[in-house]
Amino acid sequence: MLALGKLLELTLAGREPTEKIQLTSGGVRLHWLGEGALDVTPPATEDSGLDLLLSAGVHGNETAPIELLDRLVQAIARGQLKPRARILFLLGNPEAMRRGERFVEQDINRLFNGRHAESSGFEAMRAGELERYAAAFFSKPERARLHYDLHTAIRGSKIEQFALYPYVDGREHSRLELARLRAAGIDAVLLQSKTGITFSSYTYAHLDAEAFTLELGKARPFGSNQEVNLDRLEARLHSLIEGREPEFDDGNLDGLQLFSVSREIIKHSDSFQLHLAPDIENFSELPVGYLLAEDIAGTRWVVEEEGARIIFPNPRVRNGLRAGILIVPADV
Ligand SMILES: [Zn+2]
């Protein structure tokens, strides 16, 4: 296998490869751009016209998706997987990956869309760097642009695998992409209604890519991910990479549950209290009238929405950030 196929090993060891560019026997060019960043270019005659950005490790302890990208990179470097798409592999937070932590100083996935410029520290710098890698990669005109930012969640979930679809004013969510996610084993999609500060929000809003945050199960240490079943997603990625995606019916979203954001619960002060069990699962239903949270100056968050569910509850976020999202069922 080519040395650049060991992107994960290099990244975890904090090492720079001696050769930055290598060619597989099939003429696929691998280019190490910097820590945790590998650019893959198929031979011009094979190019399918797809630019595919695959990122993982934006949260350093979410190992199942990191291991998935590692398998893809290795298979390409061995010549077993023959790309016909341009691909950019990004491992988001190498230092947090080495420590087995979600982040070191602050959550990178709250630092995109300009937020990093208002902050400091190496995670802010890394967010800026990830934006620049993505912008350079998605700079070629007239190509299909797709970004999957792969995560696992802190907690268990009533719906195991789901996607967050970013939002930008005046742009419609794509039915074809929803059907593609369904075919990749995704059970639910949360359609967002304002532009966020995550990596996929940045590539969606600024780089005109179709972009998704994929939540693929619960975060566990390296080597303990047997219960996270990524088979369908992995098969779909293989076919996208090799330009032989099986037909799917883009009118058929059967079995795909859609949700929209009703409200984001923002933590304003240290007095913030979230009235949920610490181990509550994502997508747990909350009854109308339920007192969800309380904060300074008598602020109360009471559920008013029929069919409301909670995702990403986390009372330990910094003040001013979201401590959970109340979602409701939606139609396309
Ligand atoms: Zn994550």
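Placed from the backbone N, Cα and C atoms, the Cβ positions cover glycine too.
Taken from TrEMBL, the feature active site applies to E215. Of all Cβ atoms in the protein chains displayed, 27 besides its own lie within 10 Å of the Cβ of E215 (active site).
What TrEMBL lists as Zn(2+) binding site is H59, E62, H151. In the shown protein chains, 24 other C-beta atoms lie within 10 A of the C-beta of H59 (Zn(2+) binding site). According to its DSSP assignment, H59 (Zn(2+) binding site) is coil.
Sequence annotations record features per position, and here TrEMBL assigns domain 'Succinylglutamate desuccinylase/Aspartoacylase catalytic' to 49-240. Averaged over the domain 'Succinylglutamate desuccinylase/Aspartoacylase catalytic' (49-240), the predicted model has a pLDDT of 94.
The domain 'AstE/AspA barrel-sandwich hybrid' annotation in TrEMBL covers 256-329.
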Problem set entry | Additional residues around Zn(2+), ordered along the sequence, whose Cβ is within 8 Å of the centroid of H59, E62, H151 | A56, G57, V58, G60, N61, P65, R102, N109, L150, T152, A153, A219
Exercise. Just counting, how many other CB atoms are there within 10 A of the CB of H151 (Zn(2+) binding site)?
Worked result: 26
Exercise. Between H59 (Zn(2+) binding site) and E215 (active site), what is the CA-CA distance rounded to a whole number of Å?
Worked result: 12
Seminar exercise, completed: Expressed in Å to no decimal places, the gap between the Cα atoms of E215 (active site) and H151 (Zn(2+) binding site) is 5
